[in-house]
2 protein chains.
Amino acid sequence: DRKTVRQEDSKTATKTKPSGGDLDLAAVYVSDAQYNRNIFFDTSPQAVRLYLLYNHWVPQVLLYVFILVDLCLAIFEDPAVVPLPVWATMLVELICLSAFTTRLVHYAKVIPRDKFWKDPKNICIIVIVLLSLLDMMIYGALKATDHNAVRWSRVLRPLLLVNVTEGRQLRRAFRSIRNALPQIFLVFLLFIFSVLMFSLMALKLFVKRDLKTTEGEPYFTHYLDIVFDLYVLVTTANSPDVMMPAYNANFFFAIFFFLYILVNTYIFMSVFLAVVYNSYKKYLKEEVRQLVRAKRHKMARAFAVLQERREEGAEPVVTRDCWNQLVRLVQSDISTAHRELLWSVSDDKNQGYIGKLAFVQLADLLNIQVITMKSRPHPLQTLCPALYLSPPSRLLCRVVQHRAFVIAFDLIILVNAVFIGLDEEDPVIGNSEWVFLALYMLEILLKLYAFEPRAFFSRHNFWNWFDTIIVISALIATIVNTAVESSLHYSPREILDIVFVLRVLRLIRVVDSIKRFRTIINTLIRIGPTILTFGQLIVVIYYIFAMVGMELFKGKVRYVESSDPQQTDCGNPLLKDSAFANRNYCKNNFNDVVSSFILLMELTVVNQCSGFTAVTHKSARLFFVLFHIVVVIIIINIFVAFVLEAFSVEYSVEKGDLQTSLEKKINELELAVAQEQQEENLVDSMETSDNDLGSGQSAKSKPALMFKIASKRYRTVDGLLQRMFEADLSPDDFAAEEDADTPNFSNPIFSSA
Amino acid sequence: DRKTVRQEDSKTATKTKPSGGDLDLAAVYVSDAQYNRNIFFDTSPQAVRLYLLYNHWVPQVLLYVFILVDLCLAIFEDPAVVPLPVWATMLVELICLSAFTTRLVHYAKVIPRDKFWKDPKNICIIVIVLLSLLDMMIYGALKATDHNAVRWSRVLRPLLLVNVTEGRQLRRAFRSIRNALPQIFLVFLLFIFSVLMFSLMALKLFVKRDLKTTEGEPYFTHYLDIVFDLYVLVTTANSPDVMMPAYNANFFFAIFFFLYILVNTYIFMSVFLAVVYNSYKKYLKEEVRQLVRAKRHKMARAFAVLQERREEGAEPVVTRDCWNQLVRLVQSDISTAHRELLWSVSDDKNQGYIGKLAFVQLADLLNIQVITMKSRPHPLQTLCPALYLSPPSRLLCRVVQHRAFVIAFDLIILVNAVFIGLDEEDPVIGNSEWVFLALYMLEILLKLYAFEPRAFFSRHNFWNWFDTIIVISALIATIVNTAVESSLHYSPREILDIVFVLRVLRLIRVVDSIKRFRTIINTLIRIGPTILTFGQLIVVIYYIFAMVGMELFKGKVRYVESSDPQQTDCGNPLLKDSAFANRNYCKNNFNDVVSSFILLMELTVVNQCSGFTAVTHKSARLFFVLFHIVVVIIIINIFVAFVLEAFSVEYSVEKGDLQTSLEKKINELELAVAQEQQEENLVDSMETSDNDLGSGQSAKSKPALMFKIASKRYRTVDGLLQRMFEADLSPDDFAAEEDADTPNFSNPIFSSA
């Protein structure tokens, strides 16, 4: 590929102006660099147009809709929450499969043929589609002839989430897991060895003592049962029950369990986390380093396409005109002022053209969120200046902007919390709700009076949006509730539930007023997007286990509405008088996909499966142990590792150079929000206080347009890490990285540590 | 202090030879530097002698014995495991207190008076002793007049562990906790806010629904009960019971619990860990940096005491003679060869004297474990060379040293594991034990034949020692068991238990044969010493909670031996038919100190306290919540943070410079163990394979004395970190650090991140 760039290099050097097709191509490179896409598309104008279509948000959203529909089919398929005929679900599935195929064909047209067939994720999608079709045919044929059939291909559905082009983050999460596996496996072997040794010791110590459990069953007499019981003790699910019989016999046996818990629950579980964390950290750095190189490489290609030579032998450059066209193509909604600002940062010496090094920064510059703040007068000021600028109106504005106003409303919120806690059937309490609603509405209206409405509802004022939506929803829900109540003389629980939830949510705002909390919350919000990736990961794993679990356990445990919940047997005589039935766990079953997901969530927290081994066979424990290993030992640890790393990076990384230069430029141009406000405002992007920016009286002394950088810190851990590694790479290093989407690092091995 | 050094500097410059008193003083400085002691003692010869006595191991061990006795008094005091009369325990306590006072008086004589009174740990000990005396008097008086009395000063006893001079590590652990507290507290407030919000929502959602728990009690009707139940859900102890009534009513409520668990159990608990980890890391680095500076400072003082000037105006130096005397004083058991080696590293140019920079290294050089290996011929070779060097004997040696020999015995161990698992009353299995014992004995004898015995049992061959001790103990126990059995026609369970445990322990050796496991195990062993510090920390916290718990709950729950364990009420009618009594938890009580410790261990794993709130009052929950916050949220997280950091450091730090220079010297002198063996041996210090070093036939071609460095890595994380920061400090930086034992860093604040 390097050669191609060189060729284009020499080719474009003779041209004077880049054509429209060249601009399109460069725009695609820049946008790929901006969003870290690593797709090796054909550079022919036709392929570029197809590629632009491929990256358009409509087909991407459609794809996810089809994946969602495909996954949700489990709700309607046997065992179903809402049963639908087989032909209906099959028809929908066929539509979904054809949508995936269409998307794949589109992809095949965008990238070179050999690249397409080399990419494992394409092969995966083809295999999934083909196997699904095969399974549907077999299932249809067996059902038609009244045979028993299993829809086994449903296990493959969540893998689509991983293998579509947009599942980059998810693939990366899976890659980190794969990289941590060799080490986890070593520690796991040692851990299992330790469990086996302790079990053998327990067998020898207790088998001849004729101890009984509380249920009157023999205690610790079979080796494999002991192994399982001690494994569950690691999850803490059966503590202290598992040790009580031994402890009742002799208190020295508590030492045995103490050592077991120390070694296996505390030390080994910490070592698992340590191994996962270290491998995650190492791999993350390697991966981000590759991403940074790939980004540079793409920007270098874009430059090669657009470059011109001012004179023979001079360094190639990109002109301002060309750059402007490019930026408009890449980000059509960018304001002229913002674009000018970016250009003045790139073209530091005001030459009218920029070199390669300055050009390469473009993708990063576009990624820095700059908030353009137009300091407009308040609409009321334009409508009726005499009234709005009159002394009482000014006083009102100053009152609303005062710190005491915020504190007063925080106190109102606290009083409201107490009132919510009281019984709402008391008429005083019931009516107080109207008072609070009125107060909150008044607060919003006052703020809208004091602040410029467009600034108040600008995109970054998370809490203003949150407040307004919650208060207005609460108002609507309360009105609907009162209307329904006065017509039916009874208020339906569903509406009341919504009203209550909205009332409580309103209280959350109090956190925002305390500055020290705000920083923690903002860190959490910054972690947010990646938590979504983990959410997808969990959905993939849960879905697979739910499908398998449903085939293994469906209908074995049933929830039967009964007058005496104590006497139920969960619809299965095997569970009569079992702890599972007595504790009323009957609804924890695999009878449909929703119940399965809820059960799997419970299993993630505490791994209890006695009911299922009772109704099937002891070997069913394998399913639950496997679930524990995959979800708790691997995925939860990766999640914790991610949170740890996110906080570590927050603590250790300084602001990026590029951002500083942008800020410097903003300050230089005297377009910055005043310094004291910066201190207050720039720390976090989700601010309520727009201070007096939007208010009329102070606007005159300031320029009409101001900028601020949305956040001092990068929005994601990735962004931060990219910035870190950019410093490591020499600015002239534009080495091509082939196929950076699927890098293949050597796995870190424990012994190399 | 700097001034003092300068004065001594000018004073010693005129002397020609350091006196014996100077040597003593310098030796004390070096040994303080070596063990990171930071005590500012008087430099008068008398005080130095007192200080040497203070640091002698006998008074130190005695002190810990007295502390242990003092702590163990709880076993004999009311509520007692073994009741003793009050006068007896009081007498013993008085003896302990006088021992602590003696030690403190000794300390007061060693250090300057103003330092003594400025040090909070001395004040603490004085206060503890005085309060204990006061408490004993009040208790004695009240008891004599038949009043009810509480021995409240027992809570103070574990604080002695923290405040004695030797409790350096423990104090450091407490300091890291104190430093993490402000941040933990912020996150904790947010966490509590979140729990309160969810509880309020739960109250509004469920209070009017008339749901019942499995026990038939109203579900989620009181706000504080909900808060407590949801707090317990964070510990996962009452999952899924707490959600079942709501889930049975409507499966949408599962979403509420899902969100709750996601936010509070997973996200907030991870954030706690992240905050603790980051603050731990930051603080550890700062603290270790100070330790390194204090060490240098002490070495510089030692140098100032010993230095001589070769000629006027030249740099001060320390002569070889003086250095030798010093090293002999500091480490009396050092071999001449080892000392010569260290000198040749320090005096690189072979000048006969060393400067300040080389001298300062001494403390670190002494800390590097160099194993001196004398390649002696096998004793049998000296006794009967003809036989030992005969071809059959040589063949035998070669067989024993072969890899297949290890594998063969690993297989025997595996077969043995299966035999242990089988029923030992079968005569074949019973007798097989003798076969295995014979085989293991044979293995040890063969190894002693093939390897030089003193090398085989050298201090660093952990696994050889482990093996031999376990096998011989098993042999003795089995013989005793058979003897007892044949005389009594019955084998007592206690002896059998020991036999079984020893048999199983024998199997652990198999792990050592697998190289990849060995590295993990060695990392764990390296973490070992610090786990002891955490052990002390846990003992301090447990002891305090046990003392308080015993006063609050003693006698409330009793274990009554009964025929039907299902029908017990734990000696308290309030527990009749409660889950606590039905599950037979009666032995989980605070009736004596041993039961309390075991119960606290169970509470660490799973926080269940329903029984205790039933027999006392709901406010007893506060005790259990407090315990959870202190132990699980703070201490366990600090422990996990420590393991994480230990593994991170292992992954990231290269071998120290100093060690490399020592190794280089060893290699230069051609005294190193051959390279291929190094690769094999030096990786870990706890090796079995001494290869053919000790065997006779290869000894002739090698020098009679060889060295190897005990471990490529530093034994502790501290050591590693010290090495890391040594690189940061400029070698000429000898700035004095006052009072480095109680440094007072500015606490890292969350908002500064």
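The first residue you see is number 1, and the count goes up from there.
Each residue, glycine too, has its Cβ placed from N, Cα and C.
For B:61-282, B:403-652, the entry in TrEMBL reads domain 'Ion transport'. Residues annotated as transmembrane segment in TrEMBL: B:57-76, B:82-102, B:123-142, B:184-207, B:219-239, B:251-277, B:404-422, B:434-450, B:462-483, B:495-511, B:523-545, B:622-644 (among others).
By the count of Cβ pairs under 8 Å, the stretch nearest in packing to the transmembrane segment (B:495-511) among B:57-76, B:219-239, B:251-277, B:404-422, B:523-545 is B:404-422.
Within its own chain, the transmembrane segment (B:123-142) has Cβ neighbours under 8 Å at 86, 90, 93-94, 97, 100-101, 104, 117, 148-153, 156-157, 159-160, 162-164, counting only residues six or more beyond its boundaries.
Here the transmembrane segment (B:82-102) has Cβ contacts under 8 Å with residues 62-63, 66-67, 69-70, 73, 75-76, 125, 128-129, 132-133, 136, 139-140, 143, 160, 164 of the same chain, all six or more residues outside its ends. The stretches the transmembrane segment (B:523-545) and the transmembrane segment (B:404-422) do not meet in space: the count of Cβ pairs below 8 angstroms, excluding pairs fewer than 6 apart in sequence, stays at fewer than three.
Residues 195-196, 198-200, 202-203, 206-207, 211-213, 245-246, 257, 260-261, 264-265, 268-269, 606-608, 618, 621, 625, 628, 632 of the same chain sit 6 or more residues outside the transmembrane segment (B:219-239) yet have a Cβ under 8 Å from a Cβ within it.
Sequence-distant contacts of the transmembrane segment (B:404-422), counting only residues of its own chain at least 6 positions beyond either end whose CB sits under 8 Å from a CB of the stretch, comprise 429, 432-433, 436, 439, 443, 500, 503-504, 506-507, 509-510, 513. Averaged across the domain 'Ion transport' (B:403-652), the predicted model reaches a pLDDT of 84.
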